[in-house]
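Peer 1: Take this structure, written in structure tokens, and hold onto it; I'll ask about it next.
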Amino acid sequence: MKKHQNHQLCTIEKHSCKYLGNVNVDLFIKKTSGGAVIWNPPLSMACMRWVGTRGIGKVQLVLFLVEASVKFCSVLMQELAAVVHLLRVWSIERFWLISWSIASKKSLQFTASTSVSIPTLSFRSLLKSTMGHQADENLETKEMDERSLSISHGQEPYVHRVGVPPRQNLFKEFQSNVKETFFSDDPLRSFKDQTKSRKFILGIEAIFPILSWGRNYTLKNFRGDLIAGLTIASLCIPQDIGYAKLANLDPQYGLYSSFVPPLIYAVMGSSRDIAIGPVAVVSLLLGTLLQNEIDPIANPTDYRRLAFTATFFAGITQATLGVFRLGFLIDFLSHAAIVGFMGGAAITIALQQLKGFLGIKKFTKKTDVISVMQSVFSSAHHGWNWQTIVIGASFLTFLLFARYIGKKNKKFFWVPAIAPLISVILSTSFVYITRADKEGVAIVKHIEKGINPSSVKEIYWTGDYLGKGFRIGIVAGMIALTEAIAIGRTFASMKDYQLDGNKEMVALGAMNVVGSMTSCYVATGSFSRSAVNFMAGCETAVSNIVMSIIVFLTLQFITPLFKYTPNAILAAIIISAVINLVDYQAAILIWKIDKFDFVACMGAFFGVVFASVEIGLLIAVSISFAKILLQVTRPRTAILGKIPRTTVYRNIQQYPEATKVPGVLIVRVDSAIYFSNSNYVKERILRWLMDEEEQIIGDYQTRIQFLIVEMSPVTDIDTSGIHALEELYRSLQKRDIQLVLANPGPVVIDKLHTSNFTTLLGEDKIFLTVAEAVAYCSPKLAEDP
């Protein structure tokens, strides 16, 4: 081709138009006696395939470069790397490179021309000589694989093969799976390379962590723990009295549960910040479940015995989960379900306090909002006591104001902590002085003096109540465990230390087992007290010991002083404590992030509020399991496209600029393929294929000849999954479409080899990356007209 012929290319027929950067790029095609001359700056894969599939024969390629766009040069490098194999397949003898500049919108000015033979073509040197120094600097920042940029004469590009992992014997594979499932944290790591005596000491320290951190305990640590312990003790004493009433137990049992369990946890627990004792949600749950079996007023002794029995089995449940390392079971209750359940429980608890807050004597035993409100309004004319309402409203306002001060300024964290105790002291003094109890103000009356009596003989070891206690204990134990672990992990992350969940379960279980034998009911970590403990500067679990000592002194000497404490103040304390459990901000965030999670949250919330605590809990668990089943049986799939100027393929919905490869459909499966979803995965891929073929027919594009399945997210596959792939392969064969796999993982490729699916498919159709799979498909598309 002569130089003057190059100048005549401006008159060639215009075929189509594309846009690249800031330059309009026109594609011209003209048949010549030797084949065709193509003017195509970006070397469009679609255009190259158009020429190859029409059997034009030998082709001379003429490429024009725009001097005004240095960015165009890097685009060219990407395109050349993608189609260089096609140049050789189509026997293109000469490569013409002509640079030009824009003189005006209507005319072009040619400045240079170069002709290079394809077998000896060096694109980098060619572009450097043509585009100049500025382009060379730009190209140096776009380093590419030498295998892609230059191809030696007679040499195919190197393709990585997917490796098959060495086979393990059955015992080692089973051992590995068990270790990963139950011992993923490698709890015995510290025992390696240790003497027998040292291993024994480490074993004792693992059971009793206090022996480990106690050796380094200092006076400075004690100062922080002392202040924190005194602070949470002032908060827990009035709360415990109120929570015991919530569980339909006498007030002293709440104090008992803040004496023994914290001591056991301080010795065996690994959290430095968690504060142990009765909590509102568990107290309400336990009280609701127990009164469904025994009337606490008509038969208080049997009711109390069943409470101790349920506490015993709650502890056994928690310890068993820890010993057998089954803590992952509590994760089945999703965060959204917990938020809804806690919020509903907080509303229910607050409504239950209207009895003491308004001075109502006859109150419904049901917990749903409709029954409670009916009971409240039906007694409005004759059952409300105005003196009780004044006391309750006044001190509730004081408690909420104290909480506001503590939130606004963290330095005053102690204000909301001591406000409940101040309220108790002031209200008790007021009632005693004015003798308001004679005016109808309900008071606590008698609280047993002295420390916890033994309750071993009161636990039901036989009979019908044994089974009932077992069922109630499992439910209460799981809820208590979920709350405690969540609180412990929250504060551990804030202080940047690791919390062993299984050790926590053993510690919580042990303290509840011992507690059930010392007249305690289910205790766990309290979020409000733990937050105060954290802000008060606690250093270790010694703060729980300090709190226990204060509770002990209260039981021994101070309980008679609570005789005139009005029930209204206990109701106000509980209402102020549970308000924070209604986390509306978390609910809004859940709505924004995941609508299905929001359904779980609201289902649990309305279940508790309008039905009962156990119904709400059942709904929460059911929706959590439904979400897991839905995600397992209906995994996500996506169509992938090529990100411009890269060899990366991504979801075209996430990256709209990603372009599909003509003649190739790339599908990614975002889940393991099991019996539960294998049929869906196969049908969804075929549906993608049908949709794509319909679109291609409408747009007159190249028909689909290859289906590439990107298997990077597929972590595992079973026999049903392999069978589904075989059916997919046979279905594609009938459509004259080839199946190609990209990057199957070690477990998947091992099973595919074992099942001989790789033989059926062909090992030459399994690639390490999607880019290599596409490179394999492109020449095939050119060869198959």
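A Cβ is built for glycine as well, from the same backbone N, Cα and C atoms used for every other residue.
Bear in mind that TrEMBL entries carry predicted annotations, made automatically and left uncurated.
Under the heading transmembrane segment, TrEMBL lists 274-294, 306-326, 332-351, 386-405, 412-433, 470-492, 504-524, 544-562, 569-591, 603-626. Summarising the annotation, TrEMBL assigns domain 'STAS' to 654-777.
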Peer 1: If you count every Cβ pair below 8 Å, which range out of 332-351, 544-562, 569-591 shares the most with the transmembrane segment (470-492)?
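Peer 2: Looking only at 332-351, 544-562, 569-591, the most contacts with the transmembrane segment (470-492) come from 332-351.
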Peer 1: Compute the average pLDDT of the predicted model within the domain 'STAS' (654-777).
Peer 2: 93
Peer 1: What does DSSP give as the helix, strand and coil breakdown of the domain 'STAS' (654-777)?
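Peer 2: The composition, in the requested order, is 63 helix, 21 strand, 40 coil.
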Peer 1: Sequence gap of 6 or more, Cβ distance under 8 Å, 3 or more pairs: do the transmembrane segment (569-591) and the transmembrane segment (603-626) meet that?
Peer 2: no
Peer 1: What same-chain residues lie close to the transmembrane segment (306-326): Cβ under 8 Å, and 6 or more beyond its ends?
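Peer 2: Beyond its ends, the transmembrane segment (306-326) has Cβ neighbours at 182-183, 247, 249, 253, 286, 289-290, 293-294, 455, 458-460, 465-466, 468-470, 472-474, 476-478, 480-481, 501-517, 519-522.
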Peer 1: Do any residues of this chain, six or more beyond the ends of the transmembrane segment (274-294), have a C-beta under 8 angstroms from a C-beta of it, and if so which?
Peer 2: 232, 236, 239-240, 243-244, 246-249, 254, 257-258, 261-262, 265, 302-303, 306-307, 310, 342, 345-346, 348-349, 352, 365, 367, 465, 468, 472, 475-476, 479-480, 483-484, 487-488, 491, 511, 521-527, 529-530, 532-533, 541, 543-544, 547, 574, 577-578, 581, 612-614, 617
